[in-house]
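Engineer: Annotation source TrEMBL lists signal peptide at 1-19. Annotation comment: TrEMBL describes 20-316 as domain 'Plant heme peroxidase family profile'. Among the features that TrEMBL reports, disulfide bond is placed at Cys30-Cys109, Cys63-Cys68, Cys115-Cys312, Cys193-Cys225. What TrEMBL lists as site 'Transition state stabilizer' is Arg57. Under the heading active site, proton acceptor, TrEMBL lists His61. According to TrEMBL, the Ca(2+) 1 binding site annotation covers Asp62, Gly67, Asp69, Ser71, Glu83. Sequence annotations record features per position, and here TrEMBL assigns substrate binding site to Pro156. Sequence annotations record features per position, and here TrEMBL assigns heme b binding site to His186. Look at TrEMBL and you will find Thr187, Asp239, Asp246 tagged as Ca(2+) 2 binding site.
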Amino acid sequence: MAKNASLLFLIMMVCLSEGVLDSHYYLKTCPNAENIILQTVYNASIHDPKVPARLLRLFFHDCFIRGCDGSVLIDSTPENQAEKDGPPNISLRSFYVIDEAKAKLESACPHTVSCADIVAIAARDVVTLSGGPYWSVLKGRKDGKISKASETINLPAPTFNVSQLIQSFADRGLEVKDMVALSGAHTLGFSHCSSFQSRLRNFSSTHEIDPTLESGFAQILRNKCPKPNLDKNAGQFLDPTSSTFDNVYYKRLLEGKGVFGSDQALFVDSRTRGLVGQFAQDQNLFFKEFAASMVNLGNVGVIQNGNIRINCRVPN
């Protein structure tokens with residue numbers, strides 16, 4: 001019941017968010033806002049090459065729960081376990097980059113730029129800095145006050161099939177093309193074994209290994225994720241050029257080398273196979289559709305009458 005109520009809330013917020021945001025929202029109130037965020041993100045990425053993938057993932061995980069309201073940034077308290085401590089979010093990192101950007105913005109233009117907008121702008125910046133497309137981020141989001149770990153059950157899982165993925169994205173007002181394009185964010189980043197190890201052993205009553213997984217790659221993954229696995233940091237990069245935003249992710253799906261079951265399913269299912277093929281063949285097309293879909297995702301659950309948190313970790 002709680003899950004259905006949460007999804008209904010999201011659908012209502014998608015409808016309310018239409019036409020609210022503006023690419024020039026801070027033009028008069030904080031004209032240097034985007035430059036401040038870009039510089040902060042750039043400096044962090046230079047010192048830690050894992051930052052781009054982490055900030056991009058942060059945007060997804062924020063927008064998929066209660067919409068793009070910065071609720072994923074809120075810290076848990078004795079009275080409330082927040083989103084960042086829900087099972088799918090325990091591995092989220094680099095919150096400090098958002099904290100640093102917020103501190104600089106509060107100094108430059110106090111009580112003006114929302115935490116939700118910082119996350120959205122930072123996600124665009126890490127894509128561009130990694131060689132991906134640039135797009136104009138629509139701004140004007142307000143920050144949410146509610147963050148519940150229990151609601152992270154609504155995040156799409158790496159074990160989802162295409163029907164489950166389509167439904168998850170549709171619940172947020174996003175189409176199949178959005179889903180396939182946004183899955184391309186997996187061109188950046190790394191996954192721990194726990195997210196894909198079910199594909200490697202005892203997959204089903206008839207297959208020891210997921211049959212959609214290319215056999216040589218399956219063996220590589222099995223070697224990296226032995227059973228028992230004593231290395232909690234063991235895992236696999238989601239594509240071989242994991243620090244570069246490109247279309248190699250889709251090319252790997254054509255070869256049966258998607259790390260997640262939900263990734264490989266995009267090429268197996270006839271509803272999404274064509275888009276995978278198009279994006280694998282034409283990187284410019286992928287960049288165009290990814291940018292458009294990031295704008296669509298950024299419109300999910302926008303709060304019109306909320307407030308702007310002074311500290312992104314604490315509701316006002």
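Backbone N, Cα and C atoms are what each Cβ position is placed from, and that goes for glycine too.
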Engineer: Among the recorded positions listed here (Cys30, Cys109, Pro156, His186, Cys193), which has the Cα closest to the Cα of Asp62 (Ca(2+) 1 binding site)?
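Structural biologist: Checked the recorded positions Cys30, Cys109, Pro156, His186, Cys193; minimum Cα distance to Asp62 (Ca(2+) 1 binding site) goes to Pro156.
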Engineer: Please tell me which one of the recorded positions listed here (Asp69, His186, Cys193, Cys225) sits closest to Asp239 (Ca(2+) 2 binding site), measuring Cα to Cα?
Structural biologist: His186
Engineer: Quick check: which same-chain residues outside Asp62, Gly67, Asp69, Ser71, Glu83 lie with their CB within 8 A of the centre of the Ca(2+) 1 site CB atoms?
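Structural biologist: In sequence order, the nearby non-listed residues are Cys63, Ile65, Arg66, Cys68, Gly70, Val72, Ala116, Gly144, Ser147, Gly301.
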Engineer: Taking just the CA atoms, what is the gap between Cys225 (disulfide bond) and Cys115 (disulfide bond) in Å?
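Structural biologist: Cα to Cα, Cys225 (disulfide bond) and Cys115 (disulfide bond) are separated by 37 Å.
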Engineer: From the recorded positions Cys30, Arg57, Cys109, Pro156, Cys193, pick the residue whose C-alpha lies nearest to the C-alpha of Ser71 (Ca(2+) 1 binding site).
Structural biologist: Arg57
Engineer: Among the binding-site residues listed here, Asp62, Asp239, whose Cβ has the fewest other Cβ atoms inside 10 Å?
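Structural biologist: Across Asp62, Asp239, these binding-site residues, the one with fewest Cβ atoms within 10 Å is Asp239.
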Engineer: Centre the Cβ atoms of Thr187, Asp239, Asp246, go out 8 Å, and tell me which other residues of that chain have a Cβ in range of the Ca(2+) 2 site.
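Structural biologist: Everything else in range on the chain: Gly184, His186, Leu188, Leu238, Pro240, Thr241, Ser242, Thr244, Phe245, Asn247, Val248, Tyr249.
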Engineer: Since the record lists Asp69, Glu83, Asp246 as binding-site residues, which of them has the fewest other Cβ atoms within 10 Å of its Cβ?
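Structural biologist: So among Asp69, Glu83, Asp246, the binding-site residues given, the one with the fewest Cβ atoms within 10 Å is Asp246.
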Engineer: Can you give me the average pLDDT across the domain 'Plant heme peroxidase family profile' (20-316), rounded to a whole number?
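Structural biologist: Reported value for the domain 'Plant heme peroxidase family profile' (20-316) is a mean pLDDT of 96.
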Engineer: So among the disulfide-bonded residues Cys63, Cys109, who's got the most Cβ atoms within 10 Å?
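Structural biologist: Of the disulfide-bonded residues Cys63, Cys109, the highest Cβ count within 10 Å belongs to Cys63.
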Engineer: Inside 10 Å of the Cβ of His186 (heme b binding site), count up the other Cβ atoms and send me the figure.
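Structural biologist: By my count, 25.
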